[in-house]
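Here's the structure, in structure tokens; my notes come after.
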């Protein structure tokens, strides 16, 4: 049984039951009020009739014939109003007169004086009143019976109308409840269908429930959850793709030097070569081995930075830049590159070793991209939130499409130049991880044939 069917059974039965009970009680109260009004009228009519009969009896000889004629006269008159009259005499209640249509014998001995009772006899409601009255030292018992034909007929019609009306209302309410419940359950079915599709892998599926009720809020939360799952899955897929790309490139990068080393070793073993050729081969083998060593060191640095917490502290700007200048003097002298500095910052906050590694890697990349006799400028300043390093070289520069790939591992703008100078293609990736650990940013601006500017922002 579906949810809407369960709700239908649970709701419709109590609703119809309560509705019918309420109508029944309302009809019962109305019926009692009608009977009470009829009783009140019966007492009044009976009192008036007795007064009239008693007046005529006072003027007669009170023999049986006279009394019978008097009571019969009034009986004939009131028959048109569905009223029957009766008369008894003495303590033994000897019958003098009452119509055969009346039912006094069944109640006359049990009815109190001037007390109205309601009876249901022969399918009709009847009101009876008895009263003791003395006239000329004789005791008489007067009886009054009124059959409520009109009231019975009216309530019979009301009961029929009630049965028909109740049936019609019940059918209408039943149909209305079906429509309402199906409409209310439709969002639940929509949610169920959406979740089923998501479970089947269709993470782009979304609910389409409008409004502000609980189901609408649930639908919105499911959409948020689906979007989060989709984004997480996309990140996982992207990360898996990046890892695979990294492994593929690592294998390719390692293959070149390893193949070269193996080739030269095999050549040296099999060929008869001079000492000079052997030295050249050993030099190449050493160069390629150095590349593999540098690659392993940088991979190790990446792993350490990725999985380690950094220790931030206030760093002396003078000491920090002095160490970098000393390193520059030795490195830049190889290509006669000019180093220029402009320092307008006093503060630096972070891990000193990692930040020194960061700036050195940027200098190293600038050094490899710059021809002999070029220039590398460093401008250091502060703003409200960051210490900023701007490092500009006069190197070969990059095209816009190359800038988009510069942070990818193993990517080189000029592969022949980088390999020749011992580059691994991991320097920028290493720099990016260090910046991320410091919650900073690193941006590249470059123009082909002019040079490149790297802007690093480290939060204070």
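Placed from the backbone N, Cα and C atoms, the Cβ positions cover glycine too.
Taken from TrEMBL, the feature domain 'HAMP' applies to 185-234.
Summarising the annotation, TrEMBL assigns domain 'Histidine kinase' to 249-460. Across the domain 'Histidine kinase' (249-460), mean pLDDT in this model comes to 79.
Positions annotated as transmembrane segment by TrEMBL: 6-31 (among others). Long-range neighbours of the transmembrane segment (6-31) within the same chain, counting only residues 6 or more positions beyond its ends whose Cβ lies under 8 Å from a Cβ of the stretch, are 155, 158, 162, 166, 169-170, 173-174, 177-178, 181, 185.
The transmembrane segment feature in TrEMBL is assigned to 160-181 (among others).
Outside the transmembrane segment (160-181) by six or more residues, the chain places 4, 7-8, 11-12, 15-16, 19-20, 23, 27 with a CB less than 8 A from a CB of the stretch. For the domain 'HAMP' (185-234), the number of residues in each DSSP class (helix H, G, I; strand E, B; coil) is 36 helix, 0 strand, 14 coil.
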